[in-house]
Amino acid sequence: MTVRPVYLIGFMGSGKSSVGKMCAGQLSVPFIDTDTLVEQKAQQSISDIFAEQGEDRFRDIETAVLQNISREPSIIATGGGIVERERNQKIMDENGVVIYLHADFATIANRLQVDSSRPLWNQDLQKRHALYEQRLPVYRRWGQHVIETDDKGLEETVQTIMNVIKQV
Ligand SMILES: Nc1ncnc2c1ncn2[C@@H]1O[C@H](COP(=O)(O)OP(=O)(O)OP(=O)(O)O)[C@@H](O)[C@H]1O
Ligand SMILES: O=C(O)C1=C[C@@H](O)[C@@H](O)[C@H](O)C1
Ligand SMILES: [Mg+2]
(Lines of atoms letter the chains of each structure in order from A and count residues from 1; the text may use other names and numbers.)
(Lines give C-alpha, C1' and ligand atoms only; values in the text may rest on other atoms or scores of the structure.)
(Ligands and ions follow the chains in the order given, each with its own letter.)
Protein backbone atom coordinates (compact mmCIF):
# COMPACT_ATOMS: atom_id res chain seq x y z
CA MET A 1 0.00 0.00 0.00
CA THR A 2 0.94 3.61 -0.45
CA VAL A 3 3.08 4.94 2.39
CA ARG A 4 0.84 8.00 2.53
CA PRO A 5 -2.67 8.56 3.86
CA VAL A 6 -5.62 7.83 1.58
CA TYR A 7 -8.36 10.47 1.74
CA LEU A 8 -11.88 9.46 0.69
CA ILE A 9 -14.03 12.32 -0.55
CA GLY A 10 -17.61 12.40 -1.82
CA PHE A 11 -21.13 13.53 -1.05
CA MET A 12 -22.99 12.44 2.09
CA GLY A 13 -23.91 8.80 1.71
CA SER A 14 -21.24 8.02 -0.88
CA GLY A 15 -19.84 5.48 1.59
CA LYS A 16 -16.65 7.16 2.85
CA SER A 17 -17.12 6.13 6.47
CA SER A 18 -18.48 2.63 5.91
CA VAL A 19 -16.11 1.48 3.19
CA GLY A 20 -13.21 3.45 4.67
CA LYS A 21 -13.46 1.52 7.89
CA MET A 22 -13.59 -1.79 6.01
CA CYS A 23 -10.53 -0.90 3.88
CA ALA A 24 -8.53 0.12 6.94
CA GLY A 25 -9.43 -3.18 8.60
CA GLN A 26 -8.20 -5.16 5.60
CA LEU A 27 -4.99 -3.16 5.38
CA SER A 28 -4.40 -3.09 9.16
CA VAL A 29 -3.90 0.67 9.14
CA PRO A 30 -5.71 3.24 11.29
CA PHE A 31 -9.16 4.41 10.20
CA ILE A 32 -9.78 8.10 10.78
CA ASP A 33 -13.06 9.94 10.26
CA THR A 34 -12.88 13.73 10.21
CA ASP A 35 -16.52 13.97 11.37
CA THR A 36 -15.64 11.98 14.50
CA LEU A 37 -12.57 14.15 15.13
CA VAL A 38 -14.67 17.30 14.77
CA GLU A 39 -17.21 15.97 17.29
CA GLN A 40 -14.41 15.06 19.70
CA LYS A 41 -12.74 18.44 19.36
CA ALA A 42 -16.00 20.37 19.80
CA GLN A 43 -17.37 17.96 22.43
CA GLN A 44 -20.67 18.18 20.57
CA SER A 45 -22.57 16.26 17.92
CA ILE A 46 -22.43 17.57 14.36
CA SER A 47 -26.10 18.56 14.52
CA ASP A 48 -25.47 20.55 17.69
CA ILE A 49 -22.40 22.27 16.23
CA PHE A 50 -24.44 23.36 13.20
CA ALA A 51 -27.36 24.49 15.36
CA GLU A 52 -25.38 26.28 18.08
CA GLN A 53 -22.19 27.47 16.40
CA GLY A 54 -23.13 27.52 12.71
CA GLU A 55 -21.71 25.93 9.59
CA ASP A 56 -18.76 28.33 9.29
CA ARG A 57 -17.47 27.33 12.69
CA PHE A 58 -17.95 23.66 11.76
CA ARG A 59 -15.83 24.24 8.64
CA ASP A 60 -13.09 25.92 10.71
CA ILE A 61 -12.89 22.93 13.03
CA GLU A 62 -13.00 20.52 10.10
CA THR A 63 -10.01 22.17 8.42
CA ALA A 64 -8.10 22.25 11.71
CA VAL A 65 -8.60 18.52 12.28
CA LEU A 66 -7.70 17.69 8.67
CA GLN A 67 -4.49 19.65 9.03
CA ASN A 68 -3.58 17.86 12.25
CA ILE A 69 -4.09 14.24 11.16
CA SER A 70 -0.88 12.20 11.19
CA ARG A 71 0.85 11.67 7.83
CA GLU A 72 1.33 7.97 8.57
CA PRO A 73 -0.45 5.49 6.26
CA SER A 74 -4.14 5.46 7.13
CA ILE A 75 -7.58 5.57 5.55
CA ILE A 76 -9.28 8.90 6.16
CA ALA A 77 -13.01 9.39 5.61
CA THR A 78 -13.63 13.11 5.16
CA GLY A 79 -16.91 14.91 5.73
CA GLY A 80 -19.10 15.40 2.65
CA GLY A 81 -18.44 19.14 2.75
CA ILE A 82 -14.65 18.92 2.78
CA VAL A 83 -14.76 20.53 -0.68
CA GLU A 84 -16.32 23.66 0.79
CA ARG A 85 -12.90 25.07 1.71
CA GLU A 86 -10.20 25.42 -0.95
CA ARG A 87 -7.48 25.00 1.64
CA ASN A 88 -8.56 21.41 2.28
CA GLN A 89 -7.55 20.44 -1.25
CA LYS A 90 -4.01 21.65 -0.66
CA ILE A 91 -3.76 19.75 2.64
CA MET A 92 -4.89 16.48 1.05
CA ASP A 93 -2.93 16.86 -2.19
CA GLU A 94 0.29 17.57 -0.37
CA ASN A 95 -0.04 14.71 2.06
CA GLY A 96 -1.72 11.78 0.38
CA VAL A 97 -3.88 10.15 -2.25
CA VAL A 98 -7.39 11.52 -2.83
CA ILE A 99 -10.10 9.09 -3.97
CA TYR A 100 -13.54 10.33 -4.94
CA LEU A 101 -16.43 7.93 -4.27
CA HIS A 102 -19.17 8.86 -6.71
CA ALA A 103 -22.85 8.05 -6.31
CA ASP A 104 -25.75 9.53 -8.27
CA PHE A 105 -28.21 11.69 -6.36
CA ALA A 106 -30.91 9.01 -6.59
CA THR A 107 -28.59 6.40 -5.08
CA ILE A 108 -27.72 8.71 -2.23
CA ALA A 109 -31.36 9.58 -1.58
CA ASN A 110 -32.05 5.87 -1.37
CA ARG A 111 -29.18 5.21 1.05
CA LEU A 112 -29.93 8.17 3.34
CA GLN A 113 -33.70 8.09 3.38
CA VAL A 114 -33.96 7.31 7.08
CA ASP A 115 -31.10 9.53 8.17
CA SER A 116 -31.50 12.58 10.40
CA SER A 117 -27.97 13.12 11.70
CA ARG A 118 -26.79 15.18 8.73
CA PRO A 119 -28.05 18.77 8.98
CA LEU A 120 -27.45 19.55 5.29
CA TRP A 121 -29.33 16.42 4.22
CA ASN A 122 -32.09 17.26 6.62
CA GLN A 123 -33.40 20.13 4.49
CA ASP A 124 -35.81 20.33 1.58
CA LEU A 125 -35.22 18.27 -1.55
CA GLN A 126 -34.48 21.24 -3.78
CA LYS A 127 -31.71 22.48 -1.50
CA ARG A 128 -30.15 19.03 -1.16
CA HIS A 129 -30.18 18.59 -4.88
CA ALA A 130 -28.68 22.04 -5.49
CA LEU A 131 -25.90 21.27 -3.01
CA TYR A 132 -25.18 17.99 -4.80
CA GLU A 133 -25.03 19.66 -8.22
CA GLN A 134 -22.83 22.44 -6.92
CA ARG A 135 -20.31 20.05 -5.37
CA LEU A 136 -20.20 17.40 -8.06
CA PRO A 137 -17.64 19.15 -10.31
CA VAL A 138 -15.47 19.92 -7.29
CA TYR A 139 -15.32 16.28 -6.16
CA ARG A 140 -14.41 15.29 -9.71
CA ARG A 141 -11.68 17.93 -9.86
CA TRP A 142 -10.19 17.12 -6.45
CA GLY A 143 -10.31 13.34 -6.83
CA GLN A 144 -7.05 11.92 -8.15
CA HIS A 145 -8.99 8.70 -8.69
CA VAL A 146 -12.75 8.29 -9.15
CA ILE A 147 -14.73 5.22 -8.11
CA GLU A 148 -18.30 4.78 -9.29
CA THR A 149 -20.34 3.18 -6.50
CA ASP A 150 -23.90 3.19 -7.88
CA ASP A 151 -23.83 -0.39 -9.04
CA LYS A 152 -21.59 -1.65 -6.25
CA GLY A 153 -22.32 -2.91 -2.80
CA LEU A 154 -20.04 -2.15 0.14
CA GLU A 155 -17.73 -5.16 -0.42
CA GLU A 156 -17.26 -4.48 -4.10
CA THR A 157 -16.53 -0.83 -3.45
CA VAL A 158 -13.92 -1.85 -0.89
CA GLN A 159 -12.26 -4.18 -3.40
CA THR A 160 -12.18 -1.44 -6.03
CA ILE A 161 -10.55 0.96 -3.58
CA MET A 162 -8.01 -1.72 -2.64
CA ASN A 163 -7.10 -2.14 -6.31
CA VAL A 164 -6.51 1.59 -6.65
CA ILE A 165 -4.45 1.73 -3.46
CA LYS A 166 -2.24 -1.16 -4.62
CA GLN A 167 -1.25 0.84 -7.67
CA VAL A 168 -0.35 4.14 -6.03
N1 LIG B 1 -21.77 1.06 -1.96
C2 LIG B 1 -22.75 1.00 -1.05
N3 LIG B 1 -23.67 0.03 -1.12
C4 LIG B 1 -24.66 -0.03 -0.24
N5 LIG B 1 -24.84 0.83 0.80
C6 LIG B 1 -23.95 1.79 0.92
C7 LIG B 1 -22.86 1.95 0.02
N8 LIG B 1 -22.12 3.02 0.40
C9 LIG B 1 -22.75 3.51 1.49
N10 LIG B 1 -23.84 2.79 1.81
C11 LIG B 1 -24.76 3.04 2.95
O12 LIG B 1 -25.09 4.42 2.95
C13 LIG B 1 -25.16 4.91 4.29
C14 LIG B 1 -24.25 6.11 4.42
O15 LIG B 1 -22.90 5.71 4.22
P16 LIG B 1 -21.68 6.44 4.93
O17 LIG B 1 -22.06 6.87 6.30
O18 LIG B 1 -20.50 5.56 4.79
O19 LIG B 1 -21.54 7.73 4.02
P20 LIG B 1 -20.49 8.92 4.12
O21 LIG B 1 -19.94 9.09 2.76
O22 LIG B 1 -19.51 8.66 5.21
O23 LIG B 1 -21.40 10.16 4.47
P24 LIG B 1 -21.03 11.55 5.26
O25 LIG B 1 -20.39 12.47 4.28
O26 LIG B 1 -22.34 12.11 5.69
O27 LIG B 1 -20.14 11.19 6.40
C28 LIG B 1 -24.77 3.75 5.20
O29 LIG B 1 -25.95 3.17 5.70
C30 LIG B 1 -24.05 2.79 4.27
O31 LIG B 1 -24.16 1.45 4.67
O1 LIG C 1 -21.91 17.34 3.26
C2 LIG C 1 -21.72 18.02 4.30
O3 LIG C 1 -21.59 19.25 4.28
C4 LIG C 1 -21.61 17.31 5.58
C5 LIG C 1 -21.37 15.95 5.58
C6 LIG C 1 -21.16 15.17 6.81
O7 LIG C 1 -20.11 14.23 6.59
C8 LIG C 1 -20.81 16.06 7.98
O9 LIG C 1 -19.48 16.56 7.84
C10 LIG C 1 -21.77 17.21 8.08
O11 LIG C 1 -23.05 16.68 8.29
C12 LIG C 1 -21.72 18.09 6.84
MG1 LIG D 1 -19.00 9.72 6.92
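The backbone N, Cα and C atoms fix where each Cβ goes, and this holds for glycine too.
TrEMBL: automatically predicted annotations, no manual curation.
For Gly13, Ser14, Gly15, Lys16, Ser17, Ser18, Arg118, the entry in TrEMBL reads ATP binding site. Marked as Mg(2+) binding site by TrEMBL: Ser17. The feature substrate binding site is assigned by TrEMBL to Asp35, Arg59, Gly80, Arg135.
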Near Arg118 (ATP binding site), which residues of its chain come within a Cβ-Cβ distance under 8 Å, counting only those 6 or more away in sequence?
-> Met12, Ile46, Gly80, Leu112
Residue among the binding-site residues Gly13, Gly15, Gly80 whose Cβ has the most other Cβ atoms within 10 Å = Gly15
Among the binding-site residues Ser14, Ser17, Ser18, whose Cβ has the fewest other Cβ atoms within 10 Å?
-> Ser18
Spatial neighbours of Asp35 (substrate binding site) among the binding-site residues Gly13, Ser14, Gly15, Lys16, Ser17, Ser18, using Cα within 10 Å, are Ser17
Apart from Gly13, Ser14, Gly15, Lys16, Ser17, Ser18, Arg118, which residues in this chain have a Cβ no more than 8 Å from the mean position of the Cβ atoms of those residues at the ATP site?
-> Gly10, Met12, Val19, Ala77, Gly80, Leu101, Arg111
Do you know which of the binding-site residues Gly13, Ser14, Gly15, Lys16, Arg59, Arg135 end up with C-beta under 6 Å from ligand 1?
-> Gly13, Ser14, Gly15, Lys16
Checking the binding-site residues Asp35, Arg59, Gly80: which ones have Cβ within under 6 Å of ligand 2?
-> Asp35, Gly80
For Gly15 (ATP binding site) and Arg135 (substrate binding site), the CA-to-CA distance in whole Å is 16
If you draw a 10 Å sphere on the Cβ of Asp35 (substrate binding site), how many other Cβ atoms land inside?
-> 22
Counting Cβ neighbours within 10 Å across all chains shown, tell me which of the binding-site residues Lys16, Arg135 comes out on top.
-> Lys16
How many Å separate the Cα atoms of Arg59 (substrate binding site) and Gly13 (ATP binding site)?
-> 19
